[in-house]
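Colleague: A single structure is presented below for examination.
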Amino acid sequence: MDRLAKRDYYEILGVPRNATEAEIKKAFRNLARKYHPDANKDDPDAAEKFKEINEAYQVLSDPEKRARYDQFGHAAEQMGGAGGNPFEGFGGFGDFGGFSDIFEMFFGGAGRQRNPRGPVRGADLEYELELTLKEAAFGCTKELRVPRVEDCDTCHGSGARPGTQPVTCPKCGGTGQVQMTQHTVFGRFVNVMTCDRCRGEGKIVESPCPTCRGRGRVQKTQRVEVKVPGGVETGTRLRMPGYGEAGERGGPPGDLFIVMRVRPDRRFRREGDDLFTTTEISFIQAALGTEIEVETLDGPELIKIPEGTQPGDTIRLKGKGTHRLRGSGRGDLHVVISVKTPGRLSERERELLLEVAALRGERVAGMTENKEKSFLKKMKDALGGR
């Protein structure tokens, strides 16, 4: 029976049958990360485990497929493919001889079931690419080494030792399918299942290939050149058609999805296409104004600080942010001003600041009434006693 060949999809993902979509997605991500072939290079079974997890997720993440699976189990794969109710589309029984004809049509034979030995598309792969902020902002070209499953060169995908051939499966007679008969109130119900001996292949390998150990497929590393466009950010996905795992039995290869992860930068904070950086100036520079050099992604640049600049003020440098992923041009760089107050002052610096405070009529620590009067007297003397 098929139950021996295929595990329950809920069991594979480790979730209850009433699991929510979010719980199913979370379980899939955790298991996919754990059993990804890239992270299990020394485990030859990781690729099959990863494929099993992906197959379970493809069904349970789709509401229609999940509903059919909950009702029919793995037999849902044989009942109308991507369709729903196998009786859907028939308005009545006038064109048929009776109930026996109808049941024979739907349940009576394997001729109308899909061929389990047909071409199978290769699995999609996902690769996380780490980038610096500058690489993400301007774009770059990266050469990746991506593990993927391909046909074995020794046996050319047959799984059999060179000089031998797979033999016809004795259980299904080479059809790849077996019939399971059930008796219901309507009569006999014949369900066509995938053969658990050959797993739908129709043939079995008696003398396995020493290279792939009878699997017909091996894991290799392919070199892939990726052109990363400017403006990508963490989570951006690039699709490379045909760079996934090789298909089975002449099926097309899957796709490779490159997922970007941009490393944090100690100088810049990113918000969309704009960048933010903080630069420090003295309180005297803030009061009187100055010109300072700041870092940008393009290199150092001189900016003007206007007099009277306050802490937290921002100076915008247009076109100095990241490239826009969609559209042309670049974002802006926002320079946030931080004003530093000196921790220690020389005696002369202190005197000068006290004089400034007196001129502005501000009372500060260290200013005595006598000092304040003495300073005012000096000012009057300087102005001719007026």
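Each residue, glycine too, has its Cβ placed from N, Cα and C.
Dumping what Swiss-Prot says about this protein:
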DOMAIN    8-73  domain 'J'
ZN_FING   139-221  zinc finger
REPEAT    152-159  repeat 'CXXCXGXG motif'
BINDING   Cys152, Cys155, Cys209, Cys212  Zn(2+) 1 binding site
REPEAT    169-176  repeat 'CXXCXGXG motif'
BINDING   Cys169, Cys172, Cys195, Cys198  Zn(2+) 2 binding site
REPEAT    195-202  repeat 'CXXCXGXG motif'
REPEAT    209-216  repeat 'CXXCXGXG motif'
Colleague: Which site among Cys169, Cys195, Cys198, Cys212 has the most other CB atoms no more than 10 Å from its CB, taking these as binding-site residues?
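Modeller: In terms of Cβ crowding, the pick is Cys198.
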Colleague: Neighbour count, 10 Å Cβ-Cβ cut-off, for Cys155 (Zn(2+) 1 binding site): what number do you get?
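Modeller: So the number of other Cβ atoms within 10 Å of Cys155 (Zn(2+) 1 binding site) is 25.
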Colleague: What other residues of the same chain, not counting Cys169, Cys172, Cys195, Cys198, have a CB atom within 8 A of the CB centroid of the Zn(2+) 2 site?
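Modeller: Close Cβ neighbours, site residues excluded: Pro170, Lys171, Gly173, Gly174, Thr175, Gly176, Gln177, Val178, Asp196, Arg197, Arg199, Gly200, Glu201, Gly202, Lys203, Ile204.
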Colleague: For Cys172 (Zn(2+) 2 binding site), just count the other CB atoms lying within 10 A of its CB, please.
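Modeller: 24, counting other Cβ atoms within 10 Å of Cys172 (Zn(2+) 2 binding site).
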Colleague: Between Cys198 (Zn(2+) 2 binding site) and Cys155 (Zn(2+) 1 binding site), what is the CA-CA distance rounded to a whole number of Å?
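Modeller: One finds 18 Å between the Cα atoms of these residues.
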Colleague: Mind checking which residues of the chain, 6+ beyond the ends of the repeat 'CXXCXGXG motif' (209-216), have their Cβ under 8 Å from one of its Cβ atoms?
Modeller: 44, 151-155, 157-162
Colleague: Could you state the CA-to-CA distance between Cys155 (Zn(2+) 1 binding site) and Cys169 (Zn(2+) 2 binding site) to the nearest Å?
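Modeller: A Cα-Cα distance of 19 Å.
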Colleague: What is the interatomic distance between the Cα atoms of Cys172 (Zn(2+) 2 binding site) and Cys212 (Zn(2+) 1 binding site), given in whole Å?
Modeller: 25
Colleague: In angstrom units, rounded to an integer, how far apart are the Cα atoms of Cys169 (Zn(2+) 2 binding site) and Cys209 (Zn(2+) 1 binding site)?
Modeller: 18
